[in-house]
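Beneath this line is the structure, given in structure tokens, with notes to follow.
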Amino acid sequence: MSQTALQKVVEHARAGLEVRESFFEQYSQLVVDVSKALAVRLALGSKILFCGNGGSAADCQHLAAELVNRFKLERPPLPGIALTTDSSILTAIGNDYSYEMVFEKQVQALGQPGDVLVGISTSGTSPNVISALKEAKRKGMVTIGMTGISAGEMLPICDHIISVPSKDTAVIQEVHIAVGHLFCHLIDHFLFEAVGELEPYLSGE
């Protein structure tokens, strides 16, 4: 058996575990707060849009599916849309305008004030994600950035930042999907198990 291969497994698992533990030790309350903010917007009839590239695009589709179908709890479908899935829209915008605008124009078309845009970029600098977040901000949407150790250009344009303390793309993505699962889990908790906790946030709307 290859000791080199086994060592790679152990090293990757250890690195991922260390980053995951560090993140949740520091930011568990942030995850709860962002989840509650998402639940409030859904309770008020808004929707959640997601955008990202590559592995982050896959996370967008994964999380939108958990909202529309279900996570663990049996409950009504929730409005989550991944802006990464329609090849005709993506290629039309990319061809006629630029790849930088593939998410921005979808936010222009689909986003409404009070909706949420979750932009996922491990570097924090993906131009099309940044453009979409800026457009969402202009439209009065709630903006959430999920990134790595550097928030990059996301920081001034996001209401909430999930920053994973790592420069390793794979490790960042592993923590992102763990956080995304917790978003889904806690959204269900606040909307269907602990509705009273949202009342103070809904009464002023």
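Glycine residues also receive a Cβ, built from the backbone N, Cα and C atoms like all the rest.
These come from Swiss-Prot:
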- ASN53, GLY54, GLY55, GLU66, ASN95, ASP96, SER121, THR122, SER123, SER126, GLN173: substrate binding site (BINDING)
- HIS62, GLU66, GLN173, HIS181: Zn(2+) binding site (BINDING)
- 38-200: domain 'SIS' (DOMAIN)
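Location within the structure of each feature annotated in Swiss-Prot.
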residue	record	Cβ within 10 Å
ASN53	substrate binding site	20
GLY55	substrate binding site	17
HIS62	Zn(2+) binding site	16
GLU66	Zn(2+) binding site	20
ASN95	substrate binding site	9
SER121	substrate binding site	27
SER123	substrate binding site	19
GLN173	substrate binding site	22
HIS181	Zn(2+) binding site	15
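In the three-state DSSP scheme, ASN95 (substrate binding site) is classed as helix. In this structure, the CA atom of GLN173 (substrate binding site) is 17 Å away from the CA atom of GLU66 (Zn(2+) binding site). Comparing ASN95 (substrate binding site) with HIS62 (Zn(2+) binding site), their Cα atoms are 26 Å apart once rounded. Distance noted between the C-alpha atoms of ASN53 (substrate binding site) and HIS181 (Zn(2+) binding site) is 19 Å. For the binding site of substrate, formed by ASN53, GLY54, GLY55, GLU66, ASN95, ASP96, SER121, THR122, SER123, SER126, GLN173 according to the record, the largest Cα to Cα distance is 32 Å, rounded to a whole number.
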